[in-house]
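So the structure is just underneath, and the comments pick up after that.
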Amino acid sequence: TFINVKCTSPKQCLKPCKDLYGPHAGEKCMNGKCKCYKV
């Protein structure tokens with residue numbers, strides 16, 4: 001799921017993804033936006 005958070009590295013997506021999916025969230029930074037997924 002892409003979320004509306006800008007990023008330059010996946011670390012910036014860590015907290016918003018955990019807020020969305022809980023402690024087992026995965027995160028990527030793609031095209032300057034965070035992508036979250038459940039693991």
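Note: Cβ is positioned from N, Cα and C throughout, glycine not excepted.
According to its DSSP assignment, C29 (disulfide bond) is in a strand. Counting every protein chain shown, the Cβ of C29 (disulfide bond) has 17 other Cβ atoms within 10 Å. As annotated by Swiss-Prot, disulfide bond applies to C7-C29 (among others), with the evidence given as similarity to another entry.
Feature annotation from Swiss-Prot assigns disulfide bond to C13-C34 (among others). In three-state terms derived from DSSP, C34 (disulfide bond) belongs to an extended strand segment. Counting every protein chain shown, the Cβ of C34 (disulfide bond) has 23 other Cβ atoms within 10 Å.
What Swiss-Prot records for C17-C36 (among others) is disulfide bond, and it gives similarity to another entry as the kind of evidence. In this view, C17 (disulfide bond) is surrounded by 24 other Cβ atoms within 10 Å of its Cβ, with every protein chain counted.
Remark: K28 (site 'Basic residue of the functional dyad') has P10, C13, C34, K35, Y37 as non-local neighbours, by Cβ distance under 8 Å and separation of at least 6 in sequence. What Swiss-Prot records for K28 is site 'Basic residue of the functional dyad', and it gives similarity to another entry as the kind of evidence.
For Y37, the entry in Swiss-Prot reads site 'Aromatic residue of the functional dyad'. With a 10 A radius on its CB, Y37 (site 'Aromatic residue of the functional dyad') counts 12 other CB atoms from all the protein chains.
If you draw a 10 Å sphere around the CB of C36 (disulfide bond), it holds 20 other CB atoms from the protein chains shown. It is C7, among the disulfide-bonded residues C7, C13, whose Cβ has the fewest other Cβ atoms within 10 Å in the structure shown. C17 (disulfide bond) and C29 (disulfide bond) are 11 Å apart (CA-CA, integer value).
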